[in-house]
Ligand SMILES: CC(C)(COP(=O)(O)OP(=O)(O)OC[C@H]1O[C@@H](n2cnc3c(N)ncnc32)[C@H](O)[C@@H]1OP(=O)(O)O)[C@@H](O)C(=O)NCCC(=O)NCCS
């Protein structure tokens, strides 16, 4: 009987992040500009979420434009040419064309030569899903250099009158190049989902309901904020501790904590629950950028590097979580 030959591609023993790039869209929206429509105040928003302002994309700042800009910076830092990229993974929930995916168009605009290119839909956890997948691809030999991009234009699917979401969500892009390394640069990914809580963050209705409606409007994002808050603060701390343990480390070994920038109170609750060491640097990009879902972790890490809070070689814990519910965490070495 015939049999499939064993795979001859041999991967790199280790994978690492080789370069990081971001794109921050041009429109700065301070709390003062959102409070009237939701009968809120700057004080309430800052106290409940830590957000002072967010960034929204201008019409020409499409998900493709932001992805390409972030990816170019990541490639430059990595010292990798676009033609050396074997795979492009885009994590997003706001590429509003059902098909085709955004990744092939991004890859073509970058000048990649027919790489594997696909999108993943894991909402705010998407970027860390991409990092986990890319590291596995590099180690298994199915790709040598993988571009992972998290990009969102959540302002397109926001209901500006919704008190629970209008002040929270924002736009932007971040990208990393993942490739072979002589030492481990990406720890094991701890990931999973809880579909029983499917309703906690979701698009309000599906496209067929929208089309059938007499007064069709964009199906906005809706969220049960309190339940998400409780889940993220407590369950995600356990996931973070598992990721640290699977990397053969303890919390005291970490230099930086870069969680999904959902909300400053969730970040603080996770840090307390994991008993992170006193001196650890914690990403707080949400204050200036808002919650950018799949883009938030690379954006937050980039700010830390720019401000000197993260240095090349530091150990950073990523924890990403969101709609699905879906989550993924890993310890990485800062490029
Ligand atoms: C969204 C969030 C800030 C809302 O805070 P909350 O304390 O849960 O708000 P509640 O809906 O329980 O309402 C509490 C009070 O604030 C008021 N309130 C709600 N939204 C408000 C707003 N935008 N501005 C001012 N007051 C508001 C309510 O009317 C209520 O008032 P009352 O006590 O007089 O009845 C909070 O649930 C949260 O941070 N959730 C996590 C969301 C998140 O990060 N999601 C991203 C995951 S990817």
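Including glycine, each Cβ sits where the backbone N, Cα and C put it.
What TrEMBL says about a protein is an automatic prediction, not a curated fact.
Source: prediction; values computed, not measured.
Annotation source TrEMBL lists domain 'Beta-ketoacyl-[acyl-carrier-protein] synthase III N-terminal' at 118-195.
If you look up TrEMBL, you'll see 124 (among others) marked as active site. All protein chains considered, the CB of residue 124 (active site) has 33 other CB atoms within 10 Å.
When DSSP labels each residue, the domain 'Beta-ketoacyl-[acyl-carrier-protein] synthase III C-terminal' (245-332) comes out as 33 helix, 22 strand, 33 coil, counted as helix, strand and coil in that order. Per TrEMBL, domain 'Beta-ketoacyl-[acyl-carrier-protein] synthase III C-terminal' is recorded for 245-332.
Counting every protein chain shown, the Cβ of residue 260 (active site) has 35 other Cβ atoms within 10 Å. Per TrEMBL, active site is recorded for 260 (among others).
If you look up TrEMBL, you'll see 261-265 marked as region 'ACP-binding'.
In the shown protein chains, 25 other C-beta atoms lie within 10 A of the C-beta of residue 291 (active site). What TrEMBL records for 291 (among others) is active site.
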Overall pLDDT of the region 'ACP-binding' (261-265), taken as the mean: 96
For the domain 'Beta-ketoacyl-[acyl-carrier-protein] synthase III N-terminal' (118-195), residues assigned helix / strand / coil by DSSP: 23 helix, 28 strand, 27 coil
Rounded Cα-Cα span from residue 124 (active site) to residue 260 (active site), Å: 7
